[in-house]
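One structure, pasted below without further comment.
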Amino acid sequence: GGKTQKNLSMPVIQQGMASLRKAKKTTVKTCLDNPFVIQWKTIDGDGMHFILQTLEERIKHIGLKKVEAPRKKKRSTTKKQMERNCNASTNELPTEEETEGSQQAPGWTDISIRRQLAIGINEVTKALEKNELLLLLVCKSAKPAMITSHLIQLSVSRATPAGQVPRLSETVAPLLGLSSILALGFKRQSDKFTDVVEAIIPKIPALEVPWLQYRTGVSAAHADSSEIHEPEQLAEILEDELTSQKRKRTESNQLDLSNVILQPLKIKKVVPNPNKIKKPPRKKKKAFSA
């Protein structure tokens, strides 16, 4: 009788109703955020059309293009034998398209002109790190935007005019025989593109990076002058300008240390090995008996 009363007094828990919930651990993630928003400045419509037109005319005039080797499809032996028999019977000459394709070797038509350009994000980044560019153009269709955002700081630190041009890849890539061009740079020794660089630089707005004091707009004024006709002179002026800006910056950052008094360093007590950590004994190597 007592056992039945105890069982009646205890609460009845149905199966599946009670569940123990564990407290979820809050995950803490540390991230580094930039308080400044650095973006490419927009170029107006007239400037965009002028840049694309000048690039198109110069590339067509030079004739620089990458020729890819045609892909050969594997044919069966029966088809090859049939074609040989037909050619032997008819003695037909190859068409003009086949002769032109056989004459053009795969690769760039002029390697010396190709070396005056930096094509692609990786090649442009390396050229900017070595301070080899006079002008940088970036396509606006590059996605995600992060892949070209690092070029803003690099170009400003090197005092290289840089701008984001819409439809750059659509216009220039087919002319050069490429599928896409996200970044195009003109090197300092580019004698074939000197006029193009001097004409495009005034159309590009100067970039602004808060922690860098270099000005890319000054180089545009130098490129506008009629006295510069050779790329060597333009490169020398840009280098002189960059060194003068660095000198001004270092002079402004120097502190006045005339009123600073150095205090002597006082050492109270030197305690070797304060935690008294003993080194483990060295294990003796056993000599192997022959």
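Cβ coordinates are placed from backbone N, Cα and C, and glycine is handled just like the others.
So TrEMBL lists the following for this protein:
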COMPBIAS  84-93  compositional bias 'Polar residues'
COMPBIAS  276-290  compositional bias 'Basic residues'
DOMAIN    114-166  domain 'Ribosomal protein eL8/eL30/eS12/Gadd45'
REGION    68-107  region 'Disordered'
REGION    271-290  region 'Disordered'
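How about a rundown of where these features are and what they're close to?
Note on the domain 'Ribosomal protein eL8/eL30/eS12/Gadd45' (114-166): mean pLDDT across this stretch is 92.
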With DSSP, how much of the domain 'Ribosomal protein eL8/eL30/eS12/Gadd45' (114-166) is helix, how much strand and how much coil, in residues?
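Final tally across the stretch: 22 helix, 14 strand, 17 coil.
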